[in-house]
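Everything on this sheet refers to the single structure shown next.
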Amino acid sequence: MADISGNGYGNAREEVVMVNLKDEVEHQQEMEDIHNPRPLKKQDSLLSVSVPFLQKLIAEFLGTYFLVFTGCASVVVNMQNDNVVTLPGIAIVWGLTIMVLIYSLGHISGAHINPAVTIAFASCGRFPLKQVPAYVISQVIGSTLAAATLRLLFGLDHDVCSGKHDVFIGSSPVGSDLQAFTMEFIVTFYLMFIISGVATDNRAIGELAGLAIGSTVLLNVLIAAPVSSASMNPGRSLGPALVYGCYKGIWIYLVAPTLGAIAGAWVYNTVRYTDKPLREITKSGSFLKTVRIGST
């Protein structure tokens, strides 16, 4: 058999094969970069926004918009129609709205729709700190536009802060500032504690998160609305305040829910002592052991 490795044809053939292999490797690398893009460098990630992150911001904007629009619309309808909705009805509207938004947007953005929840998650390392400003801004914009929509839709009076017209869809203390602050702190603490339990703990039944959180909001509105307007959400209070220019007690609704949410998240993290599944905890529970031993 003739040796072709030393002649011109043999060398040219080897070069063609090597070039083809190189082109194929480069093509595969390009396809890999398309389907699995490499993470941006730190300095680039701060200047650019990915499409999935924009989708999350849009989800937070829409979620907060519909939350404030639906919940506050029930308040307006109740005020303008001789309390036809009633307090329990308003509480049900807020609770159901939260529930359906969690089920529809939770898989996209987490369905925070509340700056206090976003800040609380970030404080305990469950949410990227650098994404907090964008989330909060989206939520506040959604709340503000919802309040503006209601103002145009129902023709609400401009002079709502003077007390002459009792149709203000924002939040204001019914009693003293101390009562409102304390109530907002407690109900938001309770809400965030429940959120941490059903939405972040892998031992909980995640499918029931929306129902549990919505029910918590419903209960909180029932007990807190006559005292503090039951905000539990700085964005929900800030949006209407910006639209109406009415800032009475606004500091309460910015500070108390935020502190309450942070405290609720941290307290739950403190009592969350194990990562065992619920069935293992049940089997090894000291109470059940005692009962079984006593019964034998």
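Every residue, even glycine, has its Cβ placed from backbone N, Cα and C.
As given in Swiss-Prot:
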type	residues	note
MOD_RES	Met1	N-acetylmethionine
MOD_RES	Ser286	phosphoserine
TRANSMEM	57-77	transmembrane segment
TRANSMEM	84-104	transmembrane segment
TRANSMEM	136-156	transmembrane segment
TRANSMEM	180-200	transmembrane segment
TRANSMEM	205-225	transmembrane segment
TRANSMEM	249-269	transmembrane segment
Quiz item: Is the transmembrane segment (249-269) packed against any residues at least 6 beyond its ends, judged by a Cβ distance under 8 Å, and which are they?
Solution: 114-117, 119-121, 123-124, 126, 171-173, 177, 180-182, 184-193, 195-197, 201, 228, 231-234, 237-238, 241
Practice problem: Six or more residues out from either end of the transmembrane segment (57-77), which same-chain residues have a Cβ under 8 Å from its Cβ atoms? | Solution: 84-85, 89-90, 93-94, 97-98, 101, 105, 108-109, 111-114, 134-135, 138-143, 145-147, 149-150, 154, 156, 167, 169, 233, 235-236, 239-240
